[in-house]
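The block underneath contains the structure these notes are about, expressed in structure tokens.
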Amino acid sequence: MMTFGKTILPYLSFTALSSTVAFFLCGLQICHRIKTRGSSEGTSPAPFLLSFLSCGLFIQYGLLKDDDIITYTNGIGCFLQGCYLLYFYFMTRNKRFLNKVIAIELCIIGIVVYWVQHSANSHLTKQTYVGNYCIFLNICSVAAPLFDIGKVVRNKSSESLPLPLCIACFVVCFQWMFYGYIVDDIVILVPNVIATVISILQLSLFVIYPGAPPGVFPEKYEHI
């Protein structure tokens, strides 16, 4: 199995990077929606903020592991999320709050980078600590769709779930889960195992609750 894994690793690395970048580009749809409305009202910056912080720390983790795929993927992700945040900043009325949150995130990333560069701890210790932070952030990110699952079950309708996005999420997470298994990296493997399971649960809801039952009108809400 591992021989097969090592054989397909270069191809898997390329497809994982490509599909993840494509997934990051979904933020353009949110920005377009904000532009159409002329305001960011009703749209939360939380996904952009969390992704920006996560990508920033994963860049450091990729550098510590000397893993170019992790570094390049999250470098592109950090740049895109930064662009989305910048656009959101210009379109929001609550600039003071966003300023504070972005400043805190930049401080966190800066502190981690400074610690990695100047700490007397061993390379393995640094890698372990940064990896644990990345696991925590990723689990927070992948747990978010659980709220969507609860809403679908309550309404007995999958109309509020974006099928293309759910499929894309499954494909991306499955690839990274397989990548984490092949390179034996628990930081990549664990969050993506959880995310893959959640994605399967989401996709199963389209079979269990294919549409709104008679007389029921599911709540429409902003997906971000």
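Glycine is treated like the rest: Cβ placed from N, Cα and C.
Taken verbatim from TrEMBL:
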- 12-31: transmembrane segment (TRANSMEM)
- 43-63: transmembrane segment (TRANSMEM)
- 69-90: transmembrane segment (TRANSMEM)
- 97-117: transmembrane segment (TRANSMEM)
- 129-149: transmembrane segment (TRANSMEM)
- 161-182: transmembrane segment (TRANSMEM)
- 188-209: transmembrane segment (TRANSMEM)
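Sequence-distant contacts of the transmembrane segment (188-209), counting only residues of its own chain at least 6 positions beyond either end whose CB sits under 8 Å from a CB of the stretch, comprise 70, 134-135, 138-139, 141-143, 145-146, 148-149, 152-153, 155-158, 161, 163, 166-167, 169-170, 173-174, 176-177, 179-181. Among residues of the same chain six or more beyond the transmembrane segment (69-90), those with a C-beta under 8 A of the stretch's C-beta atoms are 13, 16-17, 20-21, 24-25, 27, 30-31, 34, 40, 43, 45, 48-49, 51-52, 54-56, 58-59, 61-63, 98-99, 102, 179, 188. Ranked by the number of CB pairs under 8 Å to the transmembrane segment (43-63), the listed stretches 12-31, 97-117, 161-182 are led by 97-117. Nonlocal intrachain contacts for the transmembrane segment (97-117), taken as residues 6+ away from its ends with a CB within less than 8 angstroms of a stretch CB, comprise 45, 49, 52-53, 56-57, 60, 64, 85, 88-89, 126, 130, 133.
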